[in-house]
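The block underneath contains the structure these notes are about, expressed in structure tokens.
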């Protein structure tokens, strides 16, 4: 079902408990309002993809959900508590985020990068506990990066680099994971590789995942729920089949398109016809 | 209970003592250790060398208060404070440079480039030129205030809900230009003798340094060095982008403010004691990062290498070179080519 205004708060499936919620959140950079009065609830164990045209505010929303941007009005709740008033460190133990195209300092090895994911669990005295070591070793193995642990991150290919960052987020050991366009600049097979990894994090490790994605077909295939945004507002939320309609593509993306079932996964697949207007 | 084990990844030897745990890499221990040994050796040689050479046994006797009075005076009152100031200044500048470069994520961010040492020059030259006679008490204080003032101005002007490294460097270069113009203006209207003594000061010199310069510097370092080292762990995360660092639980704004203030304080204390000894803060952290092989300038190694460079350069200017040059001339002449050599030889880019 398509929700055409932000008046109803869409609840996403999962075990039911709301982990992360935006309550009539408005977001702005200086004076430019990017997101207006948006409500969203993300339940435990859900896998949500946020889609929308360039500049619709989806990355901005993700930054607010991750406490990187303070709303000008409204609030973000993490486990029922205002995230703005929760210490950064506490947030970082529950919620991990991967910015768009993160940059690793030159010379940093994959192992060290992943080890930095343990920062919120460490203190000045306790810099490398057995838990840290186990978490990092497991994250490296799980993402298939163990053999590359001694390689500098800047020498890796784009796909490997993204795996390294996901490995860091995994080592951070958070229940929630926010990813901002993790497939940017990757070729199709590496896009699939990264999304398979994220899907496994969700399915096998029970992570609650929110991912901003540009590719609607990939979003429909991997996410349980799509949230569509346009011009700073939430315009649709539901299963991929509910959200990806020909009408929505026309309204939000100015795109005339046919929706056919994905021959592999059965999820809706967008076949573009032409740009409207 | 101590457990030491060697793990394959991520590299380093794990050390755990009760609730305390950490990882140690041999190069990150060996480099500062080697630099510390170099500082001690260079200082020992330096104590005996100069216009009036003193043998090692006599130096040792003088240090414990024995021996001839002339020798005691030369070692304890002339050479020891000079060497101590040199070592402490090198330490402070090396650590300050490493702090700036890491928090700004830019190897250009050093107190030389950011105008802080130039700001100290404005203070010192103003005190010398406008105050008439260059009194030993007024100039260091004026330099200290000049450096602190410029540092705070830099922080205020570069601040936009946190510090952006690129903006910090641009604002710093602008401040540097203003301060350089002020120094030039002061020098053109100065008496010739004042101008000459101001000129020696702005090159950075250890000439005629006494315990009255060494002791305040030591006090400043006793406060600021532990503060800097306490920031070391968090700097490893700060050097990622802002979003990544905050995502890992770093309170970025207060952290960056503290780091920059500590770096400004270290620079100001060093410059007040010996003038702006050139390029130590710019070059030494970059040398240290290449020697230790990490991903960011190591604080302690940068400090100790800085100390070795300044003490060594001072020794050379006093002994090998025909004219007694200000030490700042030599640190620039030695440090910059060494960095160039490392840059040409290594595959690392010039960025952090």
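Any Cβ shown, glycine's included, is placed from N, Cα and C.
Features as listed in TrEMBL:
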TRANSMEM  B:29-48  transmembrane segment
TRANSMEM  B:83-101  transmembrane segment
TRANSMEM  B:113-131  transmembrane segment
TRANSMEM  B:137-159  transmembrane segment
TRANSMEM  B:166-187  transmembrane segment
TRANSMEM  B:214-236  transmembrane segment
TRANSMEM  B:257-279  transmembrane segment
TRANSMEM  B:324-344  transmembrane segment
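Between the transmembrane segment (B:257-279) and the transmembrane segment (B:113-131) there are at least 3 Cβ pairs closer than 8 Å, counting only pairs 6 or more residues apart in sequence, which means the two stretches are in contact. Segment contact is absent for the transmembrane segment (B:83-101) and the transmembrane segment (B:166-187), given fewer than three CB pairs below 8 angstroms at sequence separation of 6 or more. Sequence-distant neighbours of the transmembrane segment (B:214-236) (same chain, 6+ residues past either end, Cβ-Cβ under 8 Å): 81, 84-85, 88-89, 91-92, 95, 99, 102-103, 140, 250, 255, 258-259, 262-263, 265-266, 269-270, 272-273, 296, 299-300, 303.
Using a Cβ-Cβ cut-off under 8 Å and counting only residues 6 or more beyond its ends in the same chain, the transmembrane segment (B:166-187) has close neighbours at 104, 106, 108-109, 113-116, 118-119, 121-122, 125-126, 129-130, 150, 153-154, 157-158, 160, 195, 198-199, 202.
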